[in-house]
């Protein structure tokens, strides 16, 4: 039988994980490849929008820089797929002054997590808590962030996970930000930066939403379109 204290702790942790997952850091490099004049930013954002809308799988890494009220996450890393919808990964967060490291799996619509090390628990339908694969939802996920990216301006070249990218600054509508990152509670356009492959498919390599005062959420995508295999974990 679950004790009330343990049950409450599970609910609190799962809430933190679900909030973290809605916002999907990046493994970025400070190097800046040399090159000629910077390309026009708007076409790159449009290309990345189309690519991200069509994306069915990817590896996602998220880091919270600074502090954002309602978000106890430190990092989240996972492989996501929408065909079929599934996810597997790890989340690190701070709750009640304690550091928590938990693995999670979404399989056949059910969310599993190891709130106790090496012990998988069934938390029921992922849709009732959060399905991390919805980060790839073309209507509310990262594709929607790009579709609502305004005032795009190419700022420079950076290498992200070995990819040569163009760093583009701009602003994202409050509605798009709140759909992917509810803790922002944005009421006006949010300053943002995206890193898009300069050549090739122009995939989105990284995105950052800034909340001010050095606080931000930074998201990285890689392994675009690669097969993601998720297996059902053994439940204790």
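Here the Cβ of each residue, glycine as well, is placed from N, Cα and C on the backbone.
Fair warning: this is a prediction, and the values are worked out from it, not measured in the lab.
Taken from Swiss-Prot, the feature signal peptide covers 1-26.
Taken from Swiss-Prot, the feature N-palmitoyl cysteine applies to 27, supported by sequence analysis.
The feature S-diacylglycerol cysteine is assigned by Swiss-Prot to 27.
The region 'Prevents bacterial uptake by a human macrophage-like cell line' annotation in Swiss-Prot covers 81-100 (among others), and the record cites experimental evidence as its basis.
If one looks beyond the region 'Prevents bacterial uptake by a human macrophage-like cell line' (141-160) by at least 6 residues along the same chain, the residues whose Cβ comes under 8 Å of a Cβ in the stretch are 24, 26-35, 38-42, 44-45, 48-49, 52-53, 55, 134-135, 166-173, 175-177, 179-180, 189, 192-195, 198, 204-207, 209, 219-221. For 141-160 (among others), the entry in Swiss-Prot reads region 'Prevents bacterial uptake by a human macrophage-like cell line'.
Per Swiss-Prot, region 'Prevents bacterial uptake by a human macrophage-like cell line' is recorded for 218-236 (among others), and the stated evidence type is experimental evidence. Across the region 'Prevents bacterial uptake by a human macrophage-like cell line' (218-236), DSSP helix (H, G, I), strand (E, B) and coil residues number 0 helix, 6 strand, 13 coil.
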